[in-house]
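These notes concern the structure reproduced below.
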Amino acid sequence: MELESKNQLQVSNADQQSEGTNFFKTCFNVINTLTGIGILSMPYAVYQGGWFSFLLLIIFAMICCYTALLLDRCMNANARIKSYADLGEVAFGYKGRSILAIFIYIELFLVAVELLILEGDNLEKLYPNMRFTIFGLRIGGKTGFVILTAFAILPTTWLRNYGALAYVSVGGVFTCVVLIGCVVWVGEVDGVGFHERGVLLNLGGLSTSMSLFAFCYNAHALMPTIRNSMSDRNQFSKVLVVCFGASAMIYGTIAVLGYMMFGDSLKSQITLNLPTNTISTKIAIYSTMINPFTKYAIIISPITIAIEEKWHICMSRPISIVVRTTIVASSVLVALYIPFFAYIMAFTGAFLSVAISLLFPCVCYLKINKAATRFGLEMMIIMGILIIGTLIGILGTYISVEKIVNQMKH
């Protein structure tokens, strides 16, 4: 899940609120939310943990599906819960709401940073010898591509018609299908083959794998919005089961294909491994590069709206543009200073996604549903998720930060 699709759906669901979406439309919305830029790192995630981590990919889908079902139960128990932040307020008051909102905003910002790094990496692969002169400064390829991407994206962040933003973002839905098709073509037709055996288990990279999986299945912040958009909300639990299962199949397919093709030579994004001289590779990279242009503005829109409403500047157009430009500029600085796609994704997954998708739903559910605190099977499952999530969060955050620091020293 990815968060880059979450806010797109907030827009479309608002338009559908009056009539409600049916079962199949809701399934499409949830799958679109779950499958995003994380698909590029699925082969790398399996490479980090070995074939055993593929089993964890399935287990994570089941755990995240269960915690999403807990959110559904919370909403059934209290009609005041209309958004993920409402969940924190109902359970723990204003402080709970503030904590959940902060986690969501930080995660959205880091996903925006990831989109810029993604664009820089893939453009550099297509044009490795490109150099730029910007404001009189000679800038290397990747840095220049990140800056130029930011300039291209910037006008879309000034839009305040979020219906228009939703229309712009439709192009990003198609990229997952195109990417898988191109990977299969490269392996089967372009001669790369599927001959790599890989390793069964790599304990040293297992925490990185789990952090990446947590990032990919984290769509929980939007679940209340999607549920409220349904015409028949009693079917939402079935939607969750179908969509998490479908997402696991999509992620599993690209993970197996990529690991069998490139084995231990896998890079943080599958597109960086594809041979540069083939048409299929260019199609895969160009389709992947659509993501920043279609989704960046929608990702940062909740952050800009929160700032503008907090300081009552939403009615001032010039100040609004300054705020949005500042956020874009700050994301560029982070992308240039810490240009490590997989490690930032792992950090986001371990520190933020684990909290949003595993810990907060369980804790809030126990607070809202007092009967769940009685010892039994449900309580054992929830406590197990809390323990596992805490361990992954601590270990994954430590290892990802350590890797980022080591990379920055080189």
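Using the three backbone atoms N, Cα and C, a Cβ is placed for every residue, glycine included.
TrEMBL labels come from automatic prediction, so no person has curated them.
Predicted, not measured: the structure shown is a model, and the values here were computed from it.
Copied from TrEMBL, the annotated features are:
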DOMAIN    21-400  domain 'Amino acid transporter transmembrane'
TRANSMEM  51-71  transmembrane segment
TRANSMEM  99-118  transmembrane segment
TRANSMEM  130-153  transmembrane segment
TRANSMEM  165-187  transmembrane segment
TRANSMEM  199-218  transmembrane segment
TRANSMEM  239-263  transmembrane segment
TRANSMEM  283-307  transmembrane segment
TRANSMEM  319-338  transmembrane segment
TRANSMEM  344-368  transmembrane segment
TRANSMEM  380-401  transmembrane segment
Ranked first among 51-71, 199-218, 239-263, 283-307, 319-338 for CB pairs under 8 angstroms with the transmembrane segment (344-368): 199-218
Leading stretch by Cβ pairs under 8 Å, where the reference is the transmembrane segment (199-218) and the options are 51-71, 99-118, 283-307: 51-71
Contact between the transmembrane segment (319-338) and the transmembrane segment (239-263) (at least 3 Cβ pairs under 8 Å, separation 6+): no
Intrachain residues whose Cβ lies under 8 Å of the transmembrane segment (380-401), provided they are six or more past its termini: 63, 66-67, 70, 207-208, 210-211, 214, 343-344, 346-347, 349-351, 354-355, 358-359, 362-363, 365-366, 372
Remote residues contacting the transmembrane segment (239-263) - C-beta distance under 8 A, at least 6 residues beyond either end: 1, 23, 26-27, 30-31, 34-35, 38-39, 42-47, 51, 54, 57-58, 61-62, 64-65, 68-69, 72, 176, 179-180, 183-184, 186-187, 192-198, 216-217, 223, 230, 270, 273
Other parts of the chain folded back onto the transmembrane segment (130-153), taken as Cβ under 8 Å at six or more residues beyond its ends: 116-117, 119-121, 123-124, 292-293, 296-297, 328-329, 331-332, 335-336, 339
